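Enquirer: Positions annotated as domain 'tRNA-guanine(15) transglycosylase-like' by TrEMBL: 17-386. The annotation active site, proton acceptor is assigned in TrEMBL to 98. Positions annotated as substrate binding site by TrEMBL: 98, 99, 100, 101, 102, 152, 196, 226. Annotated region 'RNA binding' per TrEMBL: 257-263, 281-285, in sequence order. If you look up TrEMBL, you'll see 276 marked as active site, nucleophile. Here TrEMBL flags 314, 316, 319, 355 as Zn(2+) binding site.
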């Protein structure tokens, strides 16, 4: 069984498992490995559409959320426009929509799962929303994203219920077949399947079973789901390694919900091509900037008289124009009039969001170029030294990089 595809995936360079590629989609090229910012309702919190396109941000693809768009503004509204969500938000580049499956975990208290689909209680008005595989695909067809995701049965990685994981694994495959049948625009939108199976990496176990079934469908691309839910890092990387070792070499691989810089570097080394996470934007709203050495808490008293930029190696306008001390003043002022923890919608949060998104996208651009230049191992070594100058590396990262044939010595 082979699905039509509206993408091409050309690998330009490799370092053992890691690869640099160009993913060509209906709205242009995406250079991978790539980090995709999350714009839940068709907008990145704190950034405008033009800002996402301008250099040095230069975002080529971001993620929108099917469940939230179905509630507001409603996918029927988007379907009225020739360019659908792209036109609605004036975004000429690529989009990926998730299926709504993740909400089974994040909104578990508001949903019920059966073979038919998922029944949600709307957090907006309390009304009932039923999301079946067919409905999820219909919503995503109306949204018009370049990559759409099959509805999967998602179970928290921390669940202690082998039977539930087994049920979810089989149901994910059955729902995928229903998604394939329901997909109205395979010539314009690329349907990715999602590998489930919990943390079972045993030979012939649930991950193996799900991988085998999905690969048989010969989809345009594949995602690794069910992670980043609080499981141990040791279990996390072993699932990633298991999946990337078996997924087709000529198809893009997407690791869902993962966005810490260390995770991006390690999982790129293991052969992942695409990532998404709210991490850089959510972190910014708490007054924290991402820097090469880790995190910079700009509300800290240490920044009160600090006239340095967030990161003197960063090319974003925030780092070129504003000091840490000034950003701290903005954040502390906003604390006075708003949430003492989170400063959503504020100018300080906006500026830090701009920097954080720029940092993440630049990290992946430099990582990709190092693979092409055959200097990836050196890139990883330098990254790890910046993060851990005492060389006290997390053991899980050392083990994962060893699997990827990268030495930190």
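From the backbone N, Cα and C atoms, a Cβ is placed for every residue, glycine too.
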Enquirer: Taking only the Cα atoms, work out how far residue 355 (Zn(2+) binding site) lies from the residue listed as 'active site, nucleophile', in Å, as a whole number.
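Expert: So the Cα of the residue listed as 'active site, nucleophile' lies 17 Å away from that of residue 355 (Zn(2+) binding site).
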Enquirer: According to DSSP, does the residue listed as 'active site, proton acceptor' sit in a helix, a strand, or coil?
Expert: strand
Enquirer: Quick one: which residues besides 314, 316, 319, 355 have a Cβ within 8 Å of the Zn(2+) site's Cβ centroid, in sequence order?
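Expert: Neighbours found: 309, 310, 311, 315, 317, 318, 320, 354, 358, 359.
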Enquirer: Spatially, and counting Cα to Cα, which of the recorded positions is closest to residue 99 (substrate binding site)? Options: 276, 314, 316, 319.
Expert: 276
Enquirer: DSSP on the region 'RNA binding' (281-285): how many residues come out helix, how many strand, how many coil?
Expert: 5 helix, 0 strand, 0 coil
Enquirer: When you rank 101, 152, 319 by Cα distance to the residue listed as 'active site, nucleophile', which of the binding-site residues ends up on top as the closest?
Expert: 101
Enquirer: Would you mind pulling the DSSP three-state label for residue 196 (substrate binding site)?
Expert: coil
Enquirer: Counting distance between Cα atoms, which of the recorded positions 98, 100, 101, 152, 196 is nearest residue 316 (Zn(2+) binding site)?
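Expert: When the Cα distances are compared, 98 comes out closest.
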Enquirer: State the mean pLDDT for the region 'RNA binding' (281-285).
Expert: 95
Enquirer: Starting from the Cβ of residue 101 (substrate binding site), draw a 10 Å sphere and report how many other Cβ atoms land inside it.
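Expert: Looking across every protein chain shown, the total is 28.
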Enquirer: Which residue, of the binding-site residues 100, 226, has its CB surrounded by the fewest other CB atoms within 10 A?
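Expert: Per-residue Cβ counts within 10 Å for the binding-site residues 100, 226 bottom out at 100.
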Enquirer: For residue 152 (substrate binding site) and residue 319 (Zn(2+) binding site), determine the Cα separation and express it in whole Å.
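Expert: About 41 Å separates the two Cα atoms.
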